[in-house]
Amino acid sequence: MDFEQETPILQNGAVKSSLIGRTAHNMSSSSLRRKSDLTLVSKVRFGCLRLLLVNLQEVILGTKIWFLFPAIPLAVLADSLGFGRAWVFVLSLLGLAPLAERLSFLTEQISYFTGPTIGGLLNATCGNATELIIAIFALSKDKIELVKYSLFGSVLSNLLLVLGTSLFIGGIVNLKRQQTYDQRQAEVNSHMLLLALLCHLLPMLFPYVRGSTHVVVAEALRLSRASSIVMLVAYVAYLIFQLWTHREFFEPDKELEVYNDDIVQEAPTIGIWSTAAWLVGVTVLIALLSEYVVATIEDVSKSWGLSVAFLSMILLPLVGNAAEHAGALIFAYKNKLDITLGVALGSATQIAMFVIPLCVIVGLRFLSVVYRQFLGKLDELRLSVAELPFRT
């Protein structure tokens, strides 16, 4: 493919084209991207080599945290050579940070070719792909507590740490300026979070119901699955509301400061087939590092003297959303609260209404096994208690 077909026209270091399918998640990650100077690359004569160099420069060097990429092969090497589990854990966490940002970049690139609707759907399902992949690997290894802690920590991180810090920094920096935001977007996300709260709380009330332990556990499990289906249906309705019926509520400004205060209108920087190939490769690397994290977190917890709950609720969400968290702070600093609220509330909504219910549905078979094991332990406990008078 020719070089001119793969890359857009650059003027003053900024990409000029139409703004397609942008979301707060993408714009937040965009704040960590770098300008691409393709002057030297464009002088390469061989088309295939030129295309490869363009892809490497856009995907690998196109982020300000590119220096964390060496952590990926180091994590693989540390695991292969049998280094300490703590080294594998730390290197995997460092490698996940740029991969999560690049995943957002690649889904955005695809949206330029598929249109705003499909692009928005990809963003709505892949925005928290790192947390989802970690959760699925944890489910496959029977680590339910890790799943609960990491996803709950993601929601708390977005609502408390990211949103609170962004509002605090934005208020201090823009003390003499009025801060405004779109009330309709905030209300939609707040209502979705309230629905998620009610659906998550309802199964937790069953332990307070008097009755047989078998019945209480079985009904709580059924209600949890039913609530997950309700949340997934509500999330699909939310996507229809966001992408079709009321798209104007969620459309960003036509001119947006993204690259060093240059007014930039986005365009694809690599071809669709290159984007698809990179997307598959990045997803595979995220899956690999997620497996390392899940496999080593308990050993790291013992060696560091920290609980698995702390590592799962604090460290994992910070690493998985590092790029968009930093972007939310940057846009709050620039007095763009719409993007900050869109990142914090939108990401929390996606975790609560999509990722958590999906994990419950994916783990149905495993949860049934756990339920039977739990009932078996209850029966053993009852038998041992019943035999106590005879033993005395």
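Note: Cβ is positioned from N, Cα and C throughout, glycine not excepted.
If you check TrEMBL, you get these features:
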DOMAIN    86-244  domain 'Sodium/calcium exchanger membrane region'
DOMAIN    276-367  domain 'Sodium/calcium exchanger membrane region'
TRANSMEM  59-77  transmembrane segment
TRANSMEM  120-139  transmembrane segment
TRANSMEM  151-173  transmembrane segment
TRANSMEM  193-211  transmembrane segment
TRANSMEM  223-244  transmembrane segment
TRANSMEM  270-294  transmembrane segment
TRANSMEM  306-333  transmembrane segment
TRANSMEM  339-367  transmembrane segment
With a Cβ cut-off under 8 Å, give me the same-chain residues at least six positions beyond the ends of the transmembrane segment (306-333) that come close to it.
25, 27-32, 63, 65, 93-94, 96-98, 100-101, 104, 128, 130-131, 134, 145-146, 149-150, 152-154, 156-158, 161-163, 165-167, 169-170, 173, 293, 297-298, 300, 339-340, 343-344, 347
Determine which recorded stretch among 151-173, 193-211, 223-244, 270-294, 339-367 has the most C-beta pairs below 8 angstroms with the transmembrane segment (59-77).
270-294
Helix, strand, coil: count each for the residues of the domain 'Sodium/calcium exchanger membrane region' (276-367), based on DSSP.
84 helix, 0 strand, 8 coil
Going along the chain, which residues at least six beyond the ends of the transmembrane segment (270-294) come within the CB cut-off of under 8 Å?
1, 5-7, 51, 54-55, 58-59, 72, 75-76, 79, 88-89, 92-93, 95-96, 99-100, 102-103, 106-107, 109-110, 113, 129-130, 133-134, 137-138, 141, 143, 146, 316
